[in-house]
């Protein structure tokens, strides 16, 4: 076949439309790459939205990448945030990318969405660039150069256009089929399905619709949903839910010994024996050299020894780093901090130690790693171990030297990336620091080193992930990836990193990071800044970075700037650790819990902490979502019974609904009491109102404009998804809920007129009312069905959108 997804080339385009331009900064300028010419750019004449450029390709193409050129220097008009849309028609485009440019002189290339949700290649002819924010907030937008990359082979594109058009036609048919079923056009629905061979949804979902919406068999619907959940059909939805953090203070018996207050210590974990090891640190007066173990199963600390020097071990120290070799049950330790007065020729050496947890013995591997090809004495570095290849990686940190000229000049030296092979006892200098004299050589790979950064090793990806940190007075925001097998160093821009600093962990704050290689997730706890001028930002925040989605998300943020300082309170009175730095955190991937110990609260130079916390990140379980589904079904069944037989409804409320409610939860108990109020509503009132808020409101809990007129006529219910400890779907089918509600209010006119023949005058008012109620009943069940659809895989379900979404009046 001619062409292919690998045949990427530069695509020609013309400037089709633009919002504005300033002076001689014409849109056409972006077609030429002149980084030394300050006038070779497009500049809008205002920063008021909407500003845009629309590019038109010579012919439809698969556009896979976009490259932005830049001026040779940083510029306040560079795009800090923008989005890109694309489509075959200028008035029908979809979003292909959203992000931002770094404010530097290095060109950047971004991957564009070029496949549909079902995986088909997405041809486009128009591409729109929409600036959202410049690096200087009050400045106009500038684009210096744009290059589009992709595939334009005619035969290949024609083939994909046919596939794309067929896909569009199938989706149009499915939308109309959904519309027919919602409106009760049974014959039209059947005829369309038979004529086209297109199925609206999976057979399982059609069966669910028949049982729930048409037959109203709630008992059988529960059985079907139990089967769905047990077979894992809702697992993907559960995985998409956000974590809920739960901190718990690990309190040991008063008579039992435990580590004292400290900061700058080290924690490591042996996941095979569920043991945490703690060594050293600074207690506010002196460095420590004690070694402790913590038994997670029995919640018990044990002092292994108080002074490691007496056992031929390391001297007291802080700001060192350790890793644990699970294959040989060994701890490796390197680095430490020395104050200026202690940095003499005699003790400036970088000693390297090993501790065997089986024999409980120390071993000095090297008195000075700098003498055998390893790093000089460093502190605030990072250390990882590749257990499979028996290799240790050490990166970054400040280099300590006997002469302290850097203390006055601020010209600090930083260490590069080193590897240590355990079995051969050999060091390798992989990447030198960019300030190293050899970094200028074209044959030497370099890296921008730093302190207070994070470095994690993913043993499945075989990669080191490096991010954050500080170099001099510069706060680092880059995200570096080093492939230990190919020795390739790359930079990654997270998908959701734009101008909003709330989307990423704050730079300059002390961060502690862990990784779960099975989940492809990185966790980062940011807390108190070391910088005194930033300590007013007294905030704990816990972040998650998905290596699959390449996105940051904030699991929780807690402001401690108001009120009494946590560290001054009784530890039992706090629900979470107070902000701090010089603390340590480790992750038990087996039990999926974090442990945090000690640190510096930053308020007193002599105060250190000794609190020990466990953090568990929880998501809804199958049991939670089953409880939620049962609640939705039983609530709907109760409402239907209450309309017909209040006495039976009371019994149902006291049994079926009572059993599903957690009566120790005030929110659930409040919702349960509200349900009883339905028994006191009259039939006439029910006919005049829309479906109850559980079903009529979008899942996010807000009312659509067309139902706002009823907002003051009833008390809105709590978000029932939250009540059942399951988050509402992130993309609620608001349009569908809205359309159903509007149909409900019109059921006595248009729908009844359609259902009743021309001899409707012979129908009694009772029959007319019965038809209205029957139609409204189906509306309510249909809305409930749509809620259940949001919990199931999209590939099995009807389209999320409706025909009404595409109709403009």
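The count begins at 1 with the first shown residue.
Cβ coordinates come from backbone N, Cα and C, glycine included.
Curation does not apply to TrEMBL; its annotations are automatic.
The feature domain 'F5/8 type C' is assigned by TrEMBL to 1-66. In the predicted structure, the domain 'F5/8 type C' (1-66) carries a mean pLDDT of 91.
Sequence-distant contacts of the region 'Disordered' (27-47) (same chain, at least 6 residues past either end, Cβ-Cβ under 8 Å): 13, 15, 18-21, 53, 69-72, 77, 105, 131, 134, 138-147. If you look up TrEMBL, you'll see 27-47 (among others) marked as region 'Disordered'.
Marked as compositional bias 'Polar residues' by TrEMBL: 35-47. Residue counts for the compositional bias 'Polar residues' (35-47) by DSSP state, with H, G and I taken as helix and E and B as strand, are 0 helix, 2 strand, 11 coil.
What TrEMBL lists as region 'Disordered' is 698-767 (among others).
Marked as compositional bias 'Basic and acidic residues' by TrEMBL: 710-733.
Summarising the annotation, TrEMBL assigns compositional bias 'Low complexity' to 738-750.
DSSP places the residues of the domain 'F5/8 type C' (1-66) in helix, strand and coil in these numbers: 5 helix, 27 strand, 34 coil.
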